[in-house]
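Comments concern the structure below.
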Amino acid sequence: MPRHKLIASESDVSIEVDEGKDKESCVYYVEVEENCERGKIKQASRDGKRRRERNGETRRKASEKRTNEGESKKAEKKHEKGHRTARKAGEKHGKRQRRKNAGEEDAEDKSSKEKKNMKNEKNKTLKLEEEKEKDVRKKKRKHVKNEEDETNHEKTKQHLKEEKRRKKRKKPETTSESESKSESESASESESKNSPAVGVLGSLTPEELENLKEAVEERKKLITQLKGKPWPMRRKLVVLRESQEFVEKYEGALGKGKGRKLYAYKVMMMKKWMKFQRDFENFKTACIPWEMKIKEIESHFGSSVASYFIFLRWMYGINMILFGLTFGLVMVPEALMGKPYGSLPRKTVPREEEASAMNFAVLWDFGGYAKYSVLFYGYYNSQRAIGWLKFRMPLSYFLVGVGTVAYSYMVVIRTMARNANEEGGGDDTSFNFSWKTFTSWDYLIGNPETADNKFASITTSFKEAIVEEQESRKDDNIHLTRFLRVLANFLVLCCLAGSGYLIYFVVRRSQKFALEGLENYGWWERNEVNMVMSLLGMFCPMLFDVISTLENYHPRIALQWQLGRIFALFLGNLYTFIIALMDAIQLKRAEEEIVKKNMTIWQANLYNGTVPDNSTAPPLTVHPADVPRGPCWETMVGQEFVRLIISDTMTTYITLLIGDFMRAVLVRFLNNCWCWDLEYGFPSYSEFDVSGNVLGLIFNQGMIWMGAFYAPCLPALNLLRLHVSMYLQCWAVMCCNVPQERVFKASGSNNFYMAMLLVILFLSTLPAIYTIVSIPPSFDCGPFSGKPRMFDVIQETLETDFPAWFSKVFSYASNPGLVLPFLLLLVLAIYYLQSTSKTYKRVNMELKKKLQAQNEENKKKNKLAALKAASDLEQARKAGEQRRNSISDLGVNEENPESHVSSSHTSRPPASRGHTSSGHLPGHPQQPQKNSKKR
């Protein structure tokens, strides 16, 4: 073929070159038309190869040129860089030479800096090496922790699975579930103690975290309900410790980040606050005076005897406040800032009394120097302001006297209201003995003496409950008891009338002795009134106690009747004494008028006289002891009350020592050598007289309230008396007395004591108010001397120390036209509140009756349900026995058919001849045979 035919045209061949690649590595694609022949294709391929080779050579040459040009450019750049570095080095060298020429100090600094830099580099390298070592150690620790967390995670998963299985097996309503959960959680807790809770919780699933939260909540509930569990104390302590550790371990760890820290802080503060509250309660209990003594007495003698000592402690607290007011605001300011002894006639012993002023008999009667001291009313000066503080002595004296009475009213009424609120809930008498049997013991007692006291207290409480139950079920002859009670009241009235007449007779005799002069009589005539009152107060309660045996009252009601009778006796004696004092006051005032007239004559004679001409007389100076003075009836009243308190105290203590201590010694040491049994016969050991001692306290306090205005020392004397009485009577009760034969619960007696104390407070303030308002004070003694009435000190203070408008407002407010409507409004408010309280009480009683009726119905339903369940169980048991007997009879009949046939002619079954079945006697037919025949 010709060559031009074999060469492909441009339309038949096209060459494509990849532009993204180098020319050397280009790939040529030849596309030939499909209609060309094979020869043409081969020729074209050969031509293409040749062309490719030519093009490759041209491209190689071009690339070599390019590489040569690039290398030349790089060499030029390197040469330029070398010139630049040489220039810079020259410049640096010049700078160094200049610095060297400037001075050698800069070189030294640079060398030191270079050294420091070297050291810093070395330290950095050392630190880097240490950090690398630490990183290696941390990695090792993390690896160990991860392994521990994985093991703990597996353990917690296993325990949670076990808890789920136990929850599925047991019902959620039973109480045993909480116990089993507590045991499983305690086991899981003991295993996971050594591992941190946070790491374990981080690897738990949400479901497992919820289960753990539920477990924590259940542990909390278990801690709150642990007291009500019927478990031994050892088990309670173990469960409590385990639950607290579990809650502390997982509760705070369930939070996240700041919340977890805040929760931990709250828990810590809550624990500290609870500990502080517990310690503060213990501190308050430790600060209560005589608490352990009273508890010991209550454990051996019951709550009735302990109520007296509690009442005595309460009275001690009131007298402590009264003593603080009188001592701090009356006695101390007068002793420190008032005029000293001997400066005024009222502060000086008269000349005729100086010889006997320090005798013991005189001081025992509070005369002599004791009379002219801060202990009594007459010593105080009537000056408005005393000392550098300008202390208003008359105003302070009056306000303290009124304030002590007001404080006493407030405290007594508040205590009565609190006792009424405590007693208003009612007593739950259902299952009384069961509660006492199973809940009385305190398992935290660790002292043998405390355990003995608790045992005695439980025994006494059982005796009290038995007496209450017996009295509620007692059914006596009504007509006989009414007759005996009327007779007892008639005898008591006769005793009261006789004691009143005796006191009136003695008072009239004492007035006759006073007119004739007490110096002419002995000790008994001078103290006849006080001694008769003390003896009546000692023997009349014993007579009332004997009479009360006829009435056959409940011990608590008998105590209240006894207290009421002794109250009437003491009240009559007290008011008879007050009437006698009023008569003595009138005599003193008449004597005072005579002294006033004599004072004018004495002063006239003192300053009138004859003097010779052209001479000067020396100034007249009269010693305060030589100045005539009035009788000062206020000091006389204060002395009488102080003597009465002292005589009553001494009578009480002597009676205690002779009537209790000597009697107990006689019975204890002469019982073995006497004709009869002294312990159970006459005289026997004495019982503690609750009623007499309580009334003694109440009337003693009434005399303090009545006489404290005229003798500021009375609260201090009463405080000392109560303090000594507490220790002496506690000792006498525990050593010399025996418990009462009929021990009763005195829960309602405390408010009865308060009611009598309130009556005595009211009756004792009436005479003091009468003397303050109606009787004018003495002219030469006391802080109110020179005033027409004692309460005028208020009006004087308003006029001198306050603005005019304030005194006008006070005068308008004290107008009877405003006071009487205000009092009427108060009476109406009291009546309204009393009526509403009665309705509330009635509603409460009805509600209580309904609740009791519902309780009785529930008891009946429970009994019927229990009987039904017991009958069902009995029927099921009988049915099971019948089935077992019938099955055994059928088996015997199948094994021995001949014996069964032969036994049909006998009167008893063959089973009774051999081994008898349970619950049947041999020789009697059994019911299972009938059941087998029916089958």
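Each position is counted from 1, following the chain as shown.
Note: Cβ is positioned from N, Cα and C throughout, glycine not excepted.
Quantities reported herein were computed from a predicted structural model and do not represent experimental measurements.
Residues or ranges marked as compositional bias 'Basic and acidic residues' by Swiss-Prot: 37-47 (among others).
If you look up Swiss-Prot, you'll see 54-79 (among others) marked as compositional bias 'Basic and acidic residues'.
For 109-136 (among others), the entry in Swiss-Prot reads compositional bias 'Basic and acidic residues'.
For 152-163 (among others), the entry in Swiss-Prot reads compositional bias 'Basic and acidic residues'.
Look at Swiss-Prot and you will find 172-184 (among others) tagged as compositional bias 'Basic and acidic residues'.
Note on the compositional bias 'Basic and acidic residues' (874-886): DSSP counts are 13 helix, 0 strand, 0 coil. What Swiss-Prot lists as compositional bias 'Basic and acidic residues' is 874-886 (among others).
If you look up Swiss-Prot, you'll see 899-919 (among others) marked as compositional bias 'Polar residues'.
Swiss-Prot lists 926-935 (among others) with the feature compositional bias 'Polar residues'.
According to Swiss-Prot, the region 'Disordered' annotation covers 1-21 (among others).
Per Swiss-Prot, region 'Disordered' is recorded for 37-204 (among others).
Here Swiss-Prot flags 874-935 (among others) as region 'Disordered'.
Beyond the transmembrane segment (303-340), the same-chain residues lying 6 or more positions past its ends with a Cβ under 8 Å from any Cβ of the stretch are 289-290, 293-295, 297, 347, 374, 379-381, 386-389, 391, 393, 396-397, 400, 403-404, 407-408, 411, 415, 464, 555-556, 559, 688, 690, 693-694, 697, 701, 704, 708, 712-713, 715-716, 718-719, 722-723, 725-726, 729-730, 733, 739-740, 743-747, 749-750, 753. Here Swiss-Prot flags 303-340 (among others) as transmembrane segment, drawing on similarity to another entry.
Within its own chain, the transmembrane segment (392-423) is flanked in space by residues 314, 318, 321-322, 325-326, 329-330, 333-334, 338, 380-386, 705, 708-709, 715, 747-748, 750-751, 754-755, 757-758, 761, 765, 768, 783-784, 790-791, 793-794, 797, which lie at least six positions past its ends and keep a Cβ under 8 Å from the stretch. What Swiss-Prot records for 392-423 (among others) is transmembrane segment, and it gives similarity to another entry as the kind of evidence.
The annotation transmembrane segment is assigned in Swiss-Prot to 480-510 (among others). If one looks beyond the transmembrane segment (480-510) by at least 6 residues along the same chain, the residues whose Cβ comes under 8 Å of a Cβ in the stretch are 525, 528-529, 532-533, 536, 540, 543-544, 547-548, 550-552, 565, 568-569, 572-573, 576-577, 579-580, 583.
Long-range contacts of the transmembrane segment (523-550) within the same chain, counting only residues at least 6 positions beyond its ends with a Cβ under 8 Å from a Cβ of the stretch, are 365, 484-485, 487-488, 491-492, 495, 499, 502-503, 506-507, 509-510, 513, 558, 561-562, 565-566, 569-570, 573, 577, 580, 643-644, 647-648, 651, 655, 689, 691-692, 695-696, 699. Positions annotated as transmembrane segment by Swiss-Prot: 523-550 (among others).
Summarising the annotation, Swiss-Prot assigns transmembrane segment to 555-589 (among others) and lists similarity to another entry as the type of evidence. Beyond the ends of the transmembrane segment (555-589), by six or more residues, the same chain brings 304, 467, 492, 495-496, 499-500, 503-504, 507, 510-511, 514-515, 529, 533, 536-537, 540-541, 544-545, 548, 631-633, 636-637, 640, 644, 690-692, 694-695, 698-699, 702-703, 706, 740, 742, 744-746, 748-749, 752-753, 756, 759-760, 763-764, 767, 771, 775 to within a C-beta distance below 8 angstroms of the stretch.
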Under 8 Å for C-beta pairs, could you tell me which stretch among 633-670, 690-710, 714-736 has the largest tally with the transmembrane segment (751-774)?
690-710
Would you mind listing the long-range same-chain contacts of the transmembrane segment (714-736), meaning Cβ under 8 Å and 6+ residues beyond its ends?
290, 293, 296-297, 300-301, 305, 309, 312-313, 315-316, 319-320, 322-323, 326-327, 404, 638, 641-642, 645-646, 649, 652-653, 656, 660-661, 663-664, 685-686, 688, 693, 700-701, 703-704, 707-708
Residue counts (helix, strand, coil, in that order) that DSSP gives for the compositional bias 'Basic and acidic residues' (54-79):
26 helix, 0 strand, 0 coil
